[in-house]
Amino acid sequence: MSYLFFSFEGPEGAGKTTIVHMLANYLTEQHVDVIATREPGGIDIAEQIRSVILHPSNERMDARTEALLYAAARRQHLVEKVIPALKNGKVVLCDRFIDSSLAYQGVARGLGIDEILAINTFAIEGWMPTLTIYFDIDPTLGLARIRENDLREVNRLDLEEIAFHERVRNGYMMLLDRFPKRIKKVDAAQPIAKVFEDVQALIEPFLRK
Ligand SMILES: Nc1ncnc2c1ncn2[C@@H]1O[C@H](COP(=O)(O)OP(=O)(O)OP(=O)(O)O)[C@@H](O)[C@H]1O
Ligand SMILES: Cc1cn([C@H]2C[C@H](O)[C@@H](COP(=O)(O)O)O2)c(=O)[nH]c1=O
């Protein structure tokens, strides 16, 4: 089955949420049937799992428990929201997907990309994104953006040491090397309008097909 499923990835504060909303508005104006959603979350059960994973008081959570909870939230969100939308011909924009697990749990937590890929292969049953846009940013800049945003909750992963966030970025670099056809990089340190332009340029060819 052919479908248009775009995921948006990157470290904290890279600008994914901002651009996903801009893109959803732009595509709606172009009369494209589009939904924007996020992980972990996007539907009630997955939002409940998100609260457990990200609550700052849950700092004793084991790394494998964390990985399994992300995969469980992903599975429920996929079957309840993403797959039905794709089957109805909608374009799906997803703020984070499997590559977050590969970079954060696989690399930054040190569980291994292949191990995390294995549990997620079980969870997603082949529903991979058509295209993944990776927002590249120095984590120090991304975290500074978040601190300046009063509306943004501070979650358990934001509170990790800077070395953790640097490993996340390195993890995404490894994924770019491993999946060069699917994952494309944009420079997220640029002004918002330029980042949006770069993202549009990556997406347009798929919409024209
Ligand atoms: N290119 C940009 N230049 C400057 N500020 C930006 C840019 N993109 C986003 N911001 C601002 O940075 C903050 C974080 O943006 P946003 O929530 O979109 O990032 P995110 O990647 O979704 O973060 P997270 O994954 O940590 O939730 C917001 O206050 C947003 O307005
Ligand atoms: C899907 C997914 C997410 N994470 C991390 C990445 C962020 O630190 C939080 C989500 O917060 P956001 O404000 O919605 O970006 O969760 C992860 O570690 N693994 C995952 O699979």
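Cβ coordinates are placed from backbone N, Cα and C, and glycine is handled just like the others.
Sequence annotations record features per position, and here TrEMBL assigns domain 'Thymidylate kinase-like' to 8-198.
The Cβ of Pro11 (ATP binding site) has 27 neighbouring Cβ atoms from other residues within 10 Å, across all protein chains displayed. The ATP binding site annotation in TrEMBL covers Gly10, Pro11, Glu12, Gly13, Ala14, Gly15, Lys16, Thr17.
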Local Cβ density at Glu12 (ATP binding site) - other Cβ atoms counted within 10 Å: 19
Among Gly10, Gly13, Gly15, the one of these binding-site residues whose Cβ has the fewest neighbouring Cβ atoms within 10 Å: Gly15
